[in-house]
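**Q** Pasting a structure here, questions to come.
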Amino acid sequence: MSDPGSVSGGAGLEASAAAGVDQASHLDDSSQKQRKPRSLWSDAWGELRRKPTFIISLVIIAVIVLMAIWPTLFTSVDPRAANLDKSLQSPSGDAWFGYDLQGYDVYARAMHGTRASLLVGLFATLLTVLIGSIIGIIAGYAKTWLDSLLSRFGDIFAGIPFVLGAIVILTTLNAPSENPGQVRIITQVVLSIAVLSWPVAMRIMRSATLVAKQQDYVRAARGLGASPLRIVFRHLLPNTVAPVLVYATIALGAFIGAEATLAFLGIGLRPPVVSWGVMISESRDYFQSAPHMLLFPAGFVTITVLAFVMLGDAVRDALDPKSR
């Protein structure tokens, strides 16, 4: 944009106008040399730092991650130390969240249960995004018949109701005669969530790939003889990851809620695993006599899901140039 002062000054004398134009062009050239190119990610980060919702959600998530990594920073009580004399006791100074039926400290179990709930959400999100992104970018970039085949394949899984599909998968994997360890129990829940959720990530990646492959830089790379693999990793993937990142942020919170739902139904995580969903499942028959058994773990699930949804909304607005 030219300097208004130089334009108005040139209305009097031709010589001063020419000098003003030369000076303006010189300043413009200097500013262009000094100006550094800005990327979408740098603009998004600058936008995120000004959003209170982003800061609040990031602080909440940071505390939750700290609880998952180092629960002993928040409590020194063993979450599996039972004291039947204190069964169903209400919150007090000795136990901030009270005790459950077995005499377990609800606060200690909530702190230690953060890890399993967060691991399920994190690994389910990573697996969902990985499967969906690979299939989506292949479908979006490939020829028509392969796109149709992969899209119909995704529609089959998308048409399966989540709860019904999870019941079928988890009841098939859970043999009554076995006593699986914590790793296997968590792995089964992660796989069931990912198998039923990847079509959403696939559709998002496919749509972004269809738009990106029509851009001039992709056509130029194809014209210069670049291989499809190079085009995908060098040009398509960096320019299609933003919408998938937004979905992943929101999905992580949703999958933590899904873990609690499956555990409540008795088909998800179960003892010896300690998680928020397991605590909610164990409290369903004692809500009237000991509501604290349900309210505190359910509160952690609600706050965590809300934090990730707020973070996802903030990231989506920051990565969308039309919103600015």
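The backbone N, Cα and C atoms fix where each Cβ goes, glycine too.
Where the annotation comes from TrEMBL, it is an automatic prediction and has not been curated.
Pulled these from TrEMBL:
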TRANSMEM  54-74  transmembrane segment
DOMAIN    114-312  domain 'ABC transmembrane type-1'
TRANSMEM  118-141  transmembrane segment
TRANSMEM  153-173  transmembrane segment
TRANSMEM  244-269  transmembrane segment
TRANSMEM  294-315  transmembrane segment
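Looking at the shown structure, can you explain where the listed features end up?
**A** Within its own chain, the transmembrane segment (244-269) is flanked in space by residues 116-118, 120-122, 124-125, 128-129, 132-133, 162-163, 166-167, 170-171, 174, 185-186, 189, 192-193, 197, 200-201, 204-205, 208, 275-278, 280-281, 284, 297-298, 301, 304-309, 311-313, 315-316, 319, which lie at least six positions past its ends and keep a Cβ under 8 Å from the stretch.
Cβ atoms under 8 Å from those of the transmembrane segment (294-315) belong to residues 44, 48, 51, 53-54, 56-58, 60-61, 64, 97, 106-107, 109-110, 113-114, 117-118, 245-247, 249-250, 252-254, 256-257, 260, 276-277, 279-280, 283-284, 286-287 of the same chain, restricted to positions at least 6 beyond its ends.
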**Q** Give the nonlocal contacts of the transmembrane segment (54-74) in its own chain as ranges (CB under 8 Å, at least six residues past its ends).
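**A** Distal contacts: 48, 111-112, 114-115, 118-119, 303-304, 307-308, 310-311, 314-315, 318.
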